[in-house]
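Before any comments, here is the structure.
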Amino acid sequence: METEPVSVQKVPAPPGSPCRQQDSALTPTPTMPPPEEPSEDYEHSQSPAEQAIQEEFQFLRCPSCQAQAKCPKLLPCLHTLCSGCLEAPGLQCPICKAPGQADANGEALDNVFFESLQRRLAVFRQIVDAQAACTRCKGLADFWCFECEQLICSKCFEAHQWYLKHEARPLADLRDNSVSSFLDSTRKSNIFCSNTNHRNPALTDIYCRGCAKPLCCTCALLDRNHSHLHCDIGEEIQQWHEELGTMTQTLEEQGRTFDSAHAQMCSAIGQLDHARADIEKQIRARVRQVVDYVQAQERELLEAVNDRYQRDYQEIAGQLSCLEAVLQRIRTSGALVKRMKLYASDQEVLDMHSFLRKALCSLRQEEPQNQKVQLLTRGFEEFKLCLQDFISCITQRINAAVASPEAASNQPEAASTHPVTTSTPEDLEQPKEVQSVQAQALELSKTQPVAMVKTVPGAHPVPVYAFSMQGPTYREEASQTVGSMKRKCSHEDCSRKIIKMESTEENEDRLATSSPEQSWPSTFKATSPPHLDGTSNPESTVPEKKILLPNNNHVTSDTGETEERVVVISSSEDSDTENLSSHELDDSSSESSSLQLEGPNSLKALDESLAEPHLEDRTLVFFDLKIDNETQKISQLAAVNRESKFRVLIQPEAFSVYSKAVSLEAGLRHFLSFLTTMHRPILACSRLWGPGLPIFFQTLSDINKLWEFQDTISGFLAVLPLIRERIPGASSFKLGNLAKTYLARNMSERSALASVLAMRDLCCLLEISPGLPLAQHIYSFSSLQCFASLQPLIQASVLPQSEARLLALHNVSFVELLNAYRTNRQEGLKKYVHYLSLQTTPLSSSASTQVAQFLQALSTHMEGLLEGHAPAGAEGKAESKGCLA
């Protein structure tokens with residue numbers, strides 16, 4: 001006769017209590033022992049239902065060893081591992097490599113939720129298999145007691161109900177239910193008072209927020225200090241569920257940010273792979289053109305490229321692994337909270353809530369470290385330059401080896417007749433057809449007037465006089481064929497330089513009517529060479545915007561001269577009127593001249609067979625700006641190419657009545673529009689590594705035009721280092737002195753337009769044109785932006801300007817330094833030391849001390865920034881200058 005299940009519930013007596021001792025048949029047994037690992041034969045013989053259960057609860061397995069987690073431990077990263085995989089407390093998680101900082105005792109939290117779920121699943125498997133044994137007599141079980149959590153046969157069930165009267169159900173009914181129904185029915189909602197002094201555990205539904213413990217009615221009445229903090233424990237648990245759910249929703253939004261950063265990292269790796277493949281293809285293509293002599297060099301170049309790739313890949317891969325670890329923690333936390341909401345009991349939520357909340361709060365503080373980091377995916381340009389020099393050296397040796405003895409014997413005679421054609425290494429690089437064309441052009445020059453050049457020992461040749469080359473004879477017959485070729489004459493080998501020119505009656509009239517104070521032209525304009533980007537269209541000039549200024553003594557040039565675009569900007573801020581003289585408000589006398597000088601070569605690629613097309617197609621735009629010393633804001637901005645000029649002049653308020661006043665933002669927009677008329681030009685500046693460009697970048701950023709400016713240009717060209725290479729013997733490399741010496745021009749140091757015109761004319765005179773030889777002097781926008789971001793360290797005297805430049809050349813920004821220090825305050829900044837100048841030679845003991853002092857100063861400054869106040873500038877100045885000056 002079957003006994004109906006009794007619905008009356010009774011609190012289970014603790015082991016050893018008198019109630020338990022009354023029932024001799026009810027011996028103390030453990031409640032639901034942990035299940036054993038199923039054998040391989042059992043796994044192969046699983047039913048479809050069992051396989052579905054195993055797939056649904058796969059998360060109960062240890063993610064490290066994929067075995068049934070015994071004594072599961074919950075780590076702060078919210079990964080659950082078995083006790084076997086958790087080798088020692090405080091170690092890193094083997095899944096996400098997160099540091100194992102657990103609770104105050106240094107141990108991971110027992111995952112009571114997983115352990116309870118494993119036990120209940122094991123019981124359900126026994127019930128479904130119809131092989132459940134009675135936990136008392138080991139006979140075939142027929143009932144399941146939800147209070148004792150034991151399997152009971154019919155005989156033991158009668159005694160069990162006689163003494164305990166617990167709720168029990170036949171196993172036949174449970175077999176028809178699903179695993180979810182069984183797990184839901186076994187979720188206990190009975191919570192007992194946390195006071196251990198009770199003789200019998202007392203059920204309670206009161207929770208004290210002050211004690212953070214459940215209390216019975218008696219204990220709640222005695223706890224008068226926290227009477228206002230008592231609440232219903234069910235409502236409190238529900239509030240905890242909602243709080244954890246809200247935190248997981250916030251983490252999901254944060255996860256999308258990490259997904260975006262992860263995608264950028266993967267894209268960067270793809271770009272890095274593409275860059276490596278591209279440079280390897282170029283290297284192999286050029287090396288295949290030579291014989292076995294160059295194979296050893298090929299291997300060296302490929303190894304260097306691979307080393308650079310591995311270094312850059314490791315940097316990106318390290319950040320990628322950190323992002324993947326945080327993403328995995330976010331997904332794990334969300335899954336754990338959802339599963340606890342589905343399957344965890346209230347007691348389990350009470351036990352684990354504080355730990356979960358602390359872990360989720362720590363996870364919410366994570367931020368992607370790559371949001372403002374510029375990725376290094378174009379770091380192979382230096383290998384292209386090495387390859388170019390290598391090929392040039394080989395070509396020179398091959399041409400020298402095949403030269404005939406007759407040519408070698410005739411060379412001195414030719415040099416005495418035509419000094420310009422003295423054989424140089426550059427001449428050996430040119431094909432015979434090019435050299436023949438140059439010889440024809442030189443013969444043609446015999447019929448043209450020439451300008452002699454005086455030679456000073458140790459200095460660059462200085463022109464004595466010059467005429468404009470206006471006649472069609474030379475321009476059509478020689479300039480079009482030889483204009484794009486490079487012809488150099490070393491001033492150690494020749495005593496003079498021949499410049500082929502033609503003097504016309506019009507030029508003589510201009511010379512007669514020119515100012516007596518000026519004995520030669522102050523500037524020149526090349527009329528024959530085409531545009532810097534390779535196009536030649538003299539009629540496609542930019543329309544002029546004329547704005548009349550007071551006291552304008554500018555002498556307009558002839559109608560054939562290109563017009564200029566001038567935008568005058570009025571500023572509401574006060575400035576010193578003495579800084580704006582009358583000759584600064586006009587176009588300056590150096591801009592227009594009745595005498596024009598034209599060199600024999602245009603600003604095109606010097607060696608078309610070796611220069612890269614994408615560099616040749618770029619337009620050189622000479623660019624300069626002036627910063628007001630008092631306001632530290634832009635006072636002038638000027639740019640010029642071969643066809644048009646652009647100037648922004650910021651005047652004080654007193655001059656606004658004479659000009660068409662526009663805002664600074666409008667003026668910068670006009671400047672961007674001027675740049676967009678060309679295809680990604682190269683901005684040529686006299687000084688890149690100064691305070692001017694950072695202020696310019698900040699101004700563009702204030703009007704949200706910085707990224708548009710980045711997309712408009714292709715890079716920055718340092719002009720003065722190029723001039724230093726061409727004329728190493730010059731007495732001074734200041735732009736004003738160079739203009740006075742080689743252009744016979746008195747340049748105004750306070751005029752931005754005069755500076756850019758001087759740079760343009762110097763580059764034209766020295767035959768500086770776009771092409772591969774300029775690549776080593778062209779810097780990317782990202783490098784200059786990184787240098788701008790390092791300005792706070794320079795201003796705080798923590799980082800010298802020269803060392804900031806070295807960091808910027810490796811695309812190391814201030815944000816990257818700060819994040820590296822925040823991540824690892826002991827070792828985070830050391831990896832950047834090898835970029836600095838001290839690493840060019842082996843470190844001595846004194847140099848090591850200087851490096852340590854520099855790192856200490858930089859760390860002190862970073863610590864001050866993280867704490868909300870920067871350290872004293874004198875402290876950083878003393879340490880950094882002693883290290884890197």
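Glycine residues also receive a Cβ, built from the backbone N, Cα and C atoms like all the rest.
Checked against Swiss-Prot, the residues SER185, SER514, SER519 yield a single entry marked phosphoserine: SER514.
According to Swiss-Prot, the listed position annotated as phosphoserine out of SER39, SER536, SER588 is SER536. Of all ranges given (295-331, 332-368, 628-664), Swiss-Prot attaches the label coiled coil to 295-331. Taking the binding-site residues CYS62, CYS65, CYS82 in turn and counting surrounding C-beta atoms within 10 angstroms, the largest count is reached at CYS62. For the pair HIS198 (Zn(2+) 4 binding site) and CYS85 (Zn(2+) 1 binding site), the Cα-Cα distance reads 39 Å. Counting other C-beta atoms within 10 Å of each candidate's C-beta, the recorded positions HIS198, HIS226, LYS384 are led by LYS384. The recorded positions shown are CYS62, CYS65, LYS70, CYS85; of these, the one with its CA atom nearest the CA of CYS193 (Zn(2+) 4 binding site) is LYS70.
DSSP assigns CYS219 (Zn(2+) 4 binding site) to a helical segment in the three-state reduction. Cα-Cα distances to CYS82 (Zn(2+) 1 binding site) place LYS70 within 10 Å, out of the recorded positions LYS70, CYS219, HIS226, LYS384.
Annotation note: LYS384 (SUMO2 cross-link) sits in a helical segment as assigned by DSSP. By a simple count of nearby Cβ atoms, those within 10 Å, the most crowded of the binding-site residues CYS85, CYS193 is CYS193.
Within 10 Å of the C-beta of LYS70 (SUMO cross-link) we count 15 further C-beta atoms, all protein chains included.
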